[in-house]
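The following block contains the structure, expressed as structure tokens.
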Amino acid sequence: MARSLEGFLVLIVAALVYSSAVASVFQPISDSHRSVALELFTPLEGSFSSLAETYEALRTFEVLGIDKKTDINTAACQSVLETLGSSSSALKDLFYALKVNGILKCEIKKDVFEGVTSSLQATVSSAGALLDFYYSVGGLVIIKDQTSKDDLYLADAEGVFGSIKALSQSDGRWRYNSNNPESSTFAAGLALQALADVVSLSSSEIDQSLIGATKNDILKLFDSIEKYDDGTFYFDEKLVDTHEHQGPLSTTSSVVRGLTAFAAVTSGSLNLPSGKILGLARFLLGIGIPGDAKDLFNQVDSLASLESNLVAIPLILSLPATVLSLTKKDSVKVKVNTVLGSNAPPLTVKLVGVFRSGSKDTSLVEGQELKFNPESAVYALDALPKSVDVGKYTFVFEMVLHDPDHLNLYATGGQTQIPIFVTGLVKVDSAEIAVLDSDLGSTETKKIDLSGENTVSLSANHLQKLRLSFQLSTSLGHAFKPHQAILKLTHESKVEHSFVVGSSGKHFEINLDFLGLVEKFFYLSGKYNVQLTVGDAVMENSFLKAIGHLDLDLPEPPEKAAQPPPQLLDQKLRYGPKAEITHIFRVPEKLPPKELSHAFLGLTLLPLLGFLIGLLHLGVNLKNFPSSSVPAMFAVLFHLGIAAVLLLYALFWLKWDLFTTLKALGFLGAFLMFVGHRILSHLASISSKLKSA
């Protein structure tokens, strides 16, 4: 039990420390996203529950490069045709039907597009709510892209732009309609997408004052952006009383889609700091791989919007490994990609600083340039700096673009700090264990080898002390303090006592005064197993060693002394295999001879044989068998029912039990009662007619 406890503590510390190291390391989209997408977006019988869900699946597959169109093409196109061909389809359904068609390229007739276009144009003219503008204008843009209607424009694009802009608030957020005073960050993203679509459908240039006012709204919206300590930025929905609250992921995704769409159709810069765009990308990547289909779509779709936007394309610096081993002589490897994993433009990666975690000392290294391997697209430092020892560090990297024109096109974020663990072997020496008298005079001292096996045998009484000491140092000779240094004594009755070993520099020592520990030890004399645990996340040779045993002689317990706690049962005894149970059955009674049994069976069959002979001798009388069809049918069914009852008796004798037989007899009895009543009623009717005649 104690062995598993100490090992569990070491593993917990290692996991916590390792998770803190990878918490700020952002990885681009990978094959893991593709595997999860195939699991989350699984059509039920070839189709999804709605066109919106169908589009989200198709869009996710499209961005991730997964070819799944053929699996859902038939059912999805049929749903698209039904939706676009129906005059009663909801506006949202029309929008997503057009979205799905944009990916699948279903065969839709020209007159269907014309009918949908007329319906959407009419909606735009009468729209007053943000979602009406978003779906109708967005649907018209999709139709323009899917058809050859180059003359598809809004009659009053500037007026529509102004109507949408009228729903904006002073803080950069938007209202869903003019009757609702509450504003929403999520709605701001929808509004920016709708405004971008209006600009695309405008036959002339939109008033630049409206464009400038919208750009100012975007700046105000970014003033309310949230931030984490690791440099990630995100938007959160402050409106909590809506019917559908949006979380940080969906809200951030909405703003990213709207921002990139608006920047793509307008001229001039938005004057947004590239660091905030990079921070949004880090937030979207930092959530890992979502376990919800909607969240995965929002993550992938918004990252696709950042992949080739006109504001700033984020470049993600990542490390394949954040745990490096001095023993294996691992090298520092860095990759730089876009958010979807594409290669970065020509640039240089520099290691500008290495700092020991929790220390504000100067950097352990000066600026070093990493070598670029064009085949693997990896930047590498051949070897760790010689001054780097076992421990936790913060490596500071910097990306420098080669082309000056790329400075306004890509977002590098300046310097990137990444926590890295450097592991290695820790030297353990000068280990000894001793029993001391009360005046600290040593009576029994023994050297121990903490890298090998030990079978130390010691004895002590309550007036003596136990001392354990050893030294820990790194390969560079520095003092090393592990997360775990625990001495454990286990009594032969399984009562355990654990003590933390203190340290001073390289030296570790613990002194146990048994006189002050008699109550803690419950006055239990006898044999104690001695065990030492030393472990750390960066210590490759962490160990849990049995040192030997100690025969401890303690005084008799007083009358009211505390009793040792009850010990848990050994898990192997509790859950392990039980002893095999051998069943002894009753010896069967002696049976009569087989010949006698056969003779008795023959005697029981004699009455049946006599019955059959009697029938043959008397002859069968079919005079009263009904001649008409319906009574004859009931008569046949009645005789078949009688035969079925006889067959039931045979089954009961050969195979069935009493309950099964009675269940079947109940159904047969009801059947015989019905048909028997009908045939007997018929015979009685004929008999009464003959008597009256």
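Cβ atoms here come from the backbone N, Cα and C positions, even for glycine.
In case it's useful when we look at the structure, here is the feature table from TrEMBL:
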SIGNAL    1-23  signal peptide
DOMAIN    29-307  domain 'Ribophorin II N-terminal'
DOMAIN    315-422  domain 'Ribophorin II second'
DOMAIN    430-552  domain 'Ribophorin II third'
DOMAIN    585-684  domain 'Ribophorin II C-terminal'
TRANSMEM  599-620  transmembrane segment
TRANSMEM  632-652  transmembrane segment
TRANSMEM  658-680  transmembrane segment
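What's the neighbourhood like for these features in this structure?
Taking H, G and I as helix, E and B as strand and the rest as coil, DSSP gives the domain 'Ribophorin II second' (315-422) the counts 5 helix, 53 strand, 50 coil.
When Cβ-Cβ distances below 8 Å are used as the criterion, the transmembrane segment (632-652) is approached by residues 625-626, 658, 661, 664-665, 668, 671-672, 675-676, 678-679, 682 of the same chain, each at least six residues removed from its ends.
Away from its own ends, the transmembrane segment (658-680) comes close to residues 626, 631, 634-635, 637-638, 641-642, 644-645, 648, 651-652 of its chain (Cβ-Cβ under 8 Å, at least six residues beyond either end).
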Take the transmembrane segment (599-620) and find every residue of the same chain, 6 or more past its ends, with a Cβ under 8 Å from one of its Cβ atoms.
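Cβ under 8 Å, 6 or more out: none.
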What average pLDDT does the predicted model assign to the domain 'Ribophorin II C-terminal' (585-684)?
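Across the domain 'Ribophorin II C-terminal' (585-684), the average pLDDT comes out at 84.
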For the domain 'Ribophorin II third' (430-552) and the domain 'Ribophorin II C-terminal' (585-684), decide whether they are in contact, meaning at least 3 CB pairs lie under 8 A, counting pairs 6 or more apart in sequence.
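Counting Cβ pairs under 8 Å (6 or more apart in sequence), the domain 'Ribophorin II third' (430-552) does not reach the domain 'Ribophorin II C-terminal' (585-684), since there are fewer than 3.
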